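For reference, Swiss-Prot has these:
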- 241: active site (ACT_SITE)
- 270: active site (ACT_SITE)
- 288: active site, proton donor (ACT_SITE)
- 158, 159, 160, 161, 180, 181, 182, 239, 240, 241, 288, 289, 290: NADP(+) binding site (BINDING)
């Protein structure tokens, strides 16, 4: 008899086809996340769970899952999962690193360009008919933005995605500085990046892009103090986690001109609505689509499947997050 898995959202079919060879699948087909009560009910009878970042896997849920042995997260980040509690209960937790690196780096750079060159603002100007009404065909001062060549890009968090972004920026002639918990000498040499402390990065960067996980240490690491250290022409990009930035402080900074603009793909609460933020023209917003390419999402589905299949075969999943679990619950 196959073990049971509950998948909390429709993932690409390539992953489903791989998983169904080893598991009995129950799939939540509604695009909205399953209600809390439904999720608590479903986990009671399953051996495996496939989750998204919007699924809260806390102590309460784990207490309701006596048979649960593995949680396969369909994402790189896993701040929605109580890793410590899962490990205590001998539950494996896996993620999907690597396959979404290029997609997320592409989006970060797209946001950077969109804000710097005021692309969304210009698009709205044309579509709304305002350009026609203005009777100004072309003007030397129309929609002036910022060029990239020779500018400094500060990258906070220099893992796979941060390094991929740096390589793209190099092609635009940008100078790269970075701050990370640990220095990356090999990457510094390969890419031509310079390690600096956090305060120096904030003060010297023309563009700042965030690529850190959400932890107690990174929560609101960009707040009023940090925003005031940045250049008045600086642009902030966030494709990591929304709570890394204090939203209220950012709104104040954008309104009062402490910084020039921002590009956000993530928010403190998702789905997100803030009328005050939405009125600002110097911010470009996206609905958490960092990995939203066919290639990345299919690659993530394949990794989820590989992690589940390895576990079903009595092997260590290739992307095991909580390796301490092997001490109490070896495969």
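Numbering starts at 1 and runs along the chain as displayed.
Even glycines carry a Cβ here, placed using N, Cα and C.
For residue 180 (NADP(+) binding site), the nearest of the active-site residues 241, 270, 288 in terms of C-alpha separation is 241. The residue listed as 'active site, proton donor' has 270 as its nearest neighbour among the recorded positions 158, 160, 182, 270, going by CA to CA distance. In the structure shown, the C-beta of 240 has more C-beta neighbours within 10 angstroms than that of any other entry among the binding-site residues 180, 182, 240. Site extent for NADP(+): the farthest pair of Cα atoms among 158, 159, 160, 161, 180, 181, 182, 239, 240, 241, 288, 289, 290 sits 28 Å apart. Scoring each of the recorded positions (160, 241, 288) by how many neighbouring Cβ atoms lie within 10 Å, the top position goes to 241. Recorded residues residue 158 (NADP(+) binding site) and residue 241 (active site) have their alpha carbons 15 Å apart, per Cα-Cα distance. Take the CB of residue 270 (active site) and look out to 10 A: across all protein chains shown you find 12 other CB atoms.
Separation of the C-alpha atoms of residue 290 (NADP(+) binding site) and residue 270 (active site): 14 Å, rounded to the nearest whole number. Each of the binding-site residues 158, 290 was scored by other CB atoms within 10 A of its CB, and the lowest score goes to 290. Under the three-state DSSP scheme, residue 160 (NADP(+) binding site) falls in the helix class. Rounded to a whole number, the distance between the Cα atoms of residue 270 (active site) and residue 240 (NADP(+) binding site) is 13 Å.
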